[in-house]
Amino acid sequence: MNEIVFRTEGEGFLSRVYQMIQSVIDQGHGSVALVFLIGVIFGGIVQYTRVDKFEKIAGFAMLKDTIVPKMLFLAVGLSSIGIYFMVDAGVANLHIKPIILPGLIIGGLLFGVAMAILGKCPGTGPVSMAEGRIDVMIGAIGGLLGGLVFTVFYDDIFKPLQGESLGKTIFPNFFEGNEQLSVLIFGASLVLIAILIPKLEMEDAYEDRDDLR
């Protein structure tokens, strides 16, 4: 029987998968099993609420469906409070990214346009792919090609476009001495906005067709 040699270093596909898993472990976010469980729960919530549907994401962009913004405001509000106090208690870590305004503006515009056209986002796209949706698979291939172009031409084209970094900071730092209160007010305000946003739903023209069930 031939011996199977598994390299944990190098540029091979399996070795890179191993390095990716090992990096998750080394970052202290929990075991791979815990991360996998969180992913399953997240996918289940997305599937149950159907925010992976084109009508939900595109409808949000056209202001014809408010399910996604209601969920976003609620999730960000609650998680802002929870994560801040978890970090404060020493049971979680924040990985703060630098503020690069030109890059954020350009990236945000491209991201928003792409979401409106594809009707998916990086969180809901994999769920739709698991359902076998061909359009999302094509979009994912385009995303991989876009990532390749960005990586190859980063130093020559994209890095100069990003502009200068304004440093790393978080919202509570603007309220020195009242950090916890500012987080509570911020989180509660987002939850209140989620409640006050009127519920609008963009109907799926094909959802009730017998031949597509």
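Glycine is no exception: its Cβ is also placed from the backbone N, Cα and C atoms.
Features as listed in TrEMBL:
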TRANSMEM  28-46  transmembrane segment
TRANSMEM  67-87  transmembrane segment
TRANSMEM  99-122  transmembrane segment
TRANSMEM  134-154  transmembrane segment
TRANSMEM  181-200  transmembrane segment
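Counting residues 6+ beyond its ends, the transmembrane segment (134-154) has Cβ neighbours under 8 Å at 118, 120, 125, 128 in the same chain. Using a Cβ-Cβ cut-off under 8 Å and counting only residues 6 or more beyond its ends in the same chain, the transmembrane segment (28-46) has close neighbours at 21, 52, 93, 123-124, 126-127, 130. Non-local neighbours of the transmembrane segment (99-122) in the same chain are 52-58, 61-62, 128, 135-136, 139, 161-169; each lies 6+ residues outside the stretch with a CB under 8 Å from one of its CB atoms.
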